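The active site, proton acceptor annotation in TrEMBL covers 176. Among the features that TrEMBL reports, substrate binding site is placed at 35, 36, 37, 38, 228. Per TrEMBL, ATP binding site is recorded for 69, 126, 127, 128, 129, 130, 131, 132. The domain 'Galactokinase N-terminal' annotation in TrEMBL covers 12-57. The domain 'GHMP kinase N-terminal' annotation in TrEMBL covers 95-183. Under the heading domain 'GHMP kinase C-terminal', TrEMBL lists 287-363.
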Ligand code: ADP
Ligand code: MG
């Protein structure tokens, strides 16, 4: 964190020739459980992680916006008068898209001053830890303060989502921004994607001596976009055939009826979503009643459901999960959209080294690309840094 503070402060000063007015930051996130439930109006349970994006801001006396990042050679400049989704492209669409989206949520962009911003991050990009929500949330909290907008964090989450949907053009839900803005240390955010109600639930990983190991398989499959779209279509078809608005409206008691009505493949897609929603709720209840060592079986069941019913796993993810469990993780599952990406393994601190070694060795034996393994902790959400 201190390194990031130094790079953004120095980066800002050397690009813009003055010291920044302030620093803000926001974390990436990992989803503990609740996969492919968001677009079915269901439940997810992500937490903010100890990898952050830091932004250094200065206000200007004119209407110019200048954005720079350690991630890019070139700075991008645009007038507030030209701020519109069709004028935004590339990485700067994330920060500038947030500025535009604030205008859609009540900021009077005709009156606010321009700004300079320099951005740095240690959230890995494209590894499924949502570097995109980290940059959006950091910029959103900064501008909310600097432009004195007084928007609450739930609104800022929708600002980030709107920026990503309209300025970047990625049809994402609100999970990532909610985790990044509402997260708290050693806690996760229980989010109802229908009502957008969010509740912060203590995880108790620290007291139980547990850590979450990320196993990035570094696999990305060309058909992940098509696979995601076809799973969404199956869910919509299942809901339509069962006469409900979304799969959120079904419970496990409805699965017998679903078996009679649906073809085998659609039934299995539906069963994943229905049981996954139940597992998210069970995870929250189990944490409260029995603590974190009792949630392992729910993580395992989530993986099997994605592997067998939703069919979005790949051999690398299955190997990561099976090997981590065999080496002492108390529960493990693939996370994210599927067809590659990362698995997570809830692991006693004392066994992190053994699990890491076992997974690395198993990948080498199978001839798979070496995976990247690292621990994340549940951390505080976005805020002012200094
Ligand atoms: P992720 O899974 O990490 O969220 P995305 O494709 O959604 O992957 O978002 C990654 C994109 O966000 C990058 O390609 C870049 O355009 C933008 N981005 C993330 N972090 C930074 C940063 N520090 N500086 C500039 N752009 C960033
Ligand atoms: Mg993203």
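Here the Cβ of each residue, glycine as well, is placed from N, Cα and C on the backbone.
Each of the recorded positions 35, 38, 176 was scored by other CB atoms within 10 A of its CB, and the lowest score goes to 38. When the recorded positions 36, 37, 38, 176, 228 are compared by Cα distance to residue 69 (ATP binding site), the shortest distance belongs to 176. Here the C-alpha separation of residue 38 (substrate binding site) and residue 129 (ATP binding site) works out to 16 Å.
The Cβ of residue 129 (ATP binding site) has 26 other Cβ atoms within 10 Å, all protein chains considered. Close to ligand 2, meaning a Cβ under 6 Å from one of its atoms, are these of the binding-site residues 38, 69, 129, 130, 132: 130, 132. Neighbour density for residue 37 (substrate binding site): within 10 A of its CB lie 27 other CB atoms from the protein chains shown. Take the CB of residue 69 (ATP binding site) and look out to 10 A: across all protein chains shown you find 24 other CB atoms.
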